[in-house]
Each structure stands twice: as structure tokens, then as C-alpha cells.
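Student: This is the structure I have questions about; it appears just below.
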Amino acid sequence: MAYKVSKDPRTDIRERTYVPNLLRGLGITAKHFFRNLFGTRDTNTQVVDRTGASLMTTVAYPEEKPIYPEGYRGLHRLVPREDGKPRCVACYMCATICPAQCIYIEAGEYEDEASDSEDRVIEKYPTQFVIDELRCIVCGLCVDACPKDAIRMDTYTHTPPEYTRQNFVYDIPKLLKGAPVSHPSDPWNKREGSEEPHHVHKEAHTRIGEGLVELKLPHGEHGGHGKALPAGAQAGHQAVVTQQGPIQVTKFIK
């Protein structure tokens, strides 16, 4: 049985040419064009507060920039101390918790002859702190995990465009921005009425070298822990100082 093809019921020439709908769309475009051309649109009021003829969903970026909501996770930044150094103590907590593994840190240790500021109390600092913004999934776990409030995502700006992928890898000079802040975890803020020390010896700490761990205690304390000991009974272990002396713990290796 043959199938009978029906003709297009739109026999009107105006409907076939789409002229009415085309003119209607051009009219809307022209209306907004002349409204913006003669300055009838209010551009001084923030986008979220506009009403009437100025209430438009389209934002003329970059002349106008939308307001990011409170709590927006923007670009990362490293928070500086008063001396300009990053607050980061190279604890690797942000790099460990990052599900995208976009954070890379290399730690350095302050020498005993360092300046008489908080370097005597804070042991480590990052010699390298790198974030690959292309791999970041903007989850904010690094901010939550940091015990020193050293990394934040409160820049309220998105990742700007770049010409190469390497430009999306942010290092310390690119991340270190913003005003210095204080944090309750600072050693001189742990007790009420205490001040930032000018000369304080470090507490007992562990320094990891090539196969040896150098254990240092404050002057006047003894107990046989001031010598260099093997880093562990087997590979993948390191010694840690406690009140009872060095103990062996398993070192997590990626």
C-alpha cells in the first residue's frame, strides 16, 4: 500500500519565510541596543539589586562583573605572616587530602641560627608549594585540612585564561597574596596574655637525613636521644620523638 505524503499545511508565504519571527527577534535586539547606547540602563547598581528595565540576565563582561556569592571557592592563595613569609609549615595535610593530587610541596627546615623571630618556634617551611589549577576540582578540602589557616580560597575570582598549560601551575610567588593574618594555632597565641617570642629554642624535633635521623633536645635534657640514629629498622620507617623517646612509625609513601 502506497503512503501518501501530505503537503506542508503552512501555505502562507509569511509563515514559510519566517519573516515575522525574524523581525520580532531583531526588534528585541535593537531595543536593548539603543537602551544601552543612550545610557538608559542603570549600570551603577549591582546586578542582584537591579529592577525594572535594568533587570537583565546578561552581564556586559568585562565592563560589568557579577558578584560572587559568599563562600565562593575561588583561586587559591597562601596567607602570609607579618614578615611576608607564608604561614604554611609544610605539614603536607593539604597535599595528602587533595583528591585530585594537584598540590606538590617540598619542605625545608629553619636552621638553629635563624632569625630571632618565630623561626625558633616553627620548624619547617615550604621551599616549593605548587598548585595545578587545571587539576583542581575546587572541593575546598585543602582549606579545611590546613591546621594553620595557611591556604584559602577567598580570592573571589575564577582562574583567568592563559595561553599555555604551564601558566596554570601556581607557585609560591603567584600564590602568596593578601594581608597577613593571625591564627589561634600560632605558638604565641595558645595561651591568653602570651606574646610572640623574640628568642625561643625549638622543642625536640626530628630531622630526616640520608639514612639517619638527628634527634635534638633542649639544652640541659639528656637521655641518649641527642645522637644520630638509624632512620628505621627497615625501609619506609622513620623515628619520631615522643616524651618516652624515639619510636618507629610507618611512613606513608605514595
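Heads up, the Cβ atoms here are built off N, Cα and C, so glycines get one too.
Okay, so Swiss-Prot annotates it like this:
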DOMAIN    78-108  domain '4Fe-4S ferredoxin-type 1'
BINDING   Cys88, Cys91, Cys94, Cys146  [4Fe-4S] cluster 1 binding site
BINDING   Cys98, Cys136, Cys139, Cys142  [4Fe-4S] cluster 2 binding site
DOMAIN    127-156  domain '4Fe-4S ferredoxin-type 2'
Student: Within 8 Å of the centroid of the Cβ atoms of Cys88, Cys91, Cys94, Cys146, which other residues of that chain place their own Cβ, given that this set defines the recorded [4Fe-4S] cluster 1 site?
Tutor: Val89, Ala90, Tyr92, Met93, Ala95, Ile105, Cys142, Ala145, Pro147, Lys148, Ala150, Ile151
Student: Taking the Cβ of Cys139 ([4Fe-4S] cluster 2 binding site) as the reference point, list residues of the same chain whose Cβ is under 8 angstroms away and which are at least six residues distant in sequence.
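Tutor: Looking at Cβ-Cβ distances below 8 Å from Cys139 ([4Fe-4S] cluster 2 binding site), excluding near sequence neighbours, one finds Pro99, Ala100.
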Student: Please work out the mean pLDDT for the residues of the domain '4Fe-4S ferredoxin-type 2' (127-156).
Tutor: 93
Student: Using all protein chains in view, find how many other C-beta atoms are within 10 Å of the C-beta of Cys91 ([4Fe-4S] cluster 1 binding site).
Tutor: 17
Student: Nearest to Cys142 ([4Fe-4S] cluster 2 binding site) by Cα distance: which of the binding-site residues Cys88, Cys91, Cys94 is it?
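Tutor: Closest recorded candidate to Cys142 ([4Fe-4S] cluster 2 binding site) by Cα: Cys94.
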Student: Are there residues of the same chain, six or more positions away from Cys136 ([4Fe-4S] cluster 2 binding site), whose CB falls under 8 angstroms from its CB, and which are they?
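Tutor: The answer is His76, Ala100, Cys102.
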Student: Compared by Cα position, which of the binding-site residues Cys88, Cys91, Cys146 is the closest one to Cys98 ([4Fe-4S] cluster 2 binding site)?
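Tutor: Nearest by Cα distance to Cys98 ([4Fe-4S] cluster 2 binding site): Cys146.
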Student: Can you list, in sequence order, the residues of the same chain other than Cys98, Cys136, Cys139, Cys142 whose CB lies within 8 Å of the CB centroid of the [4Fe-4S] cluster 2 site?
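Tutor: Apart from the listed residues, the neighbours are Cys94, Ile97, Pro99, Ala100, Cys102, Ile103, Ile137, Val138, Gly140, Leu141.
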Student: Indicate whether Cys94 ([4Fe-4S] cluster 1 binding site) is helix, strand or coil by DSSP.
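Tutor: In the DSSP reduction, Cys94 ([4Fe-4S] cluster 1 binding site) maps to helix.
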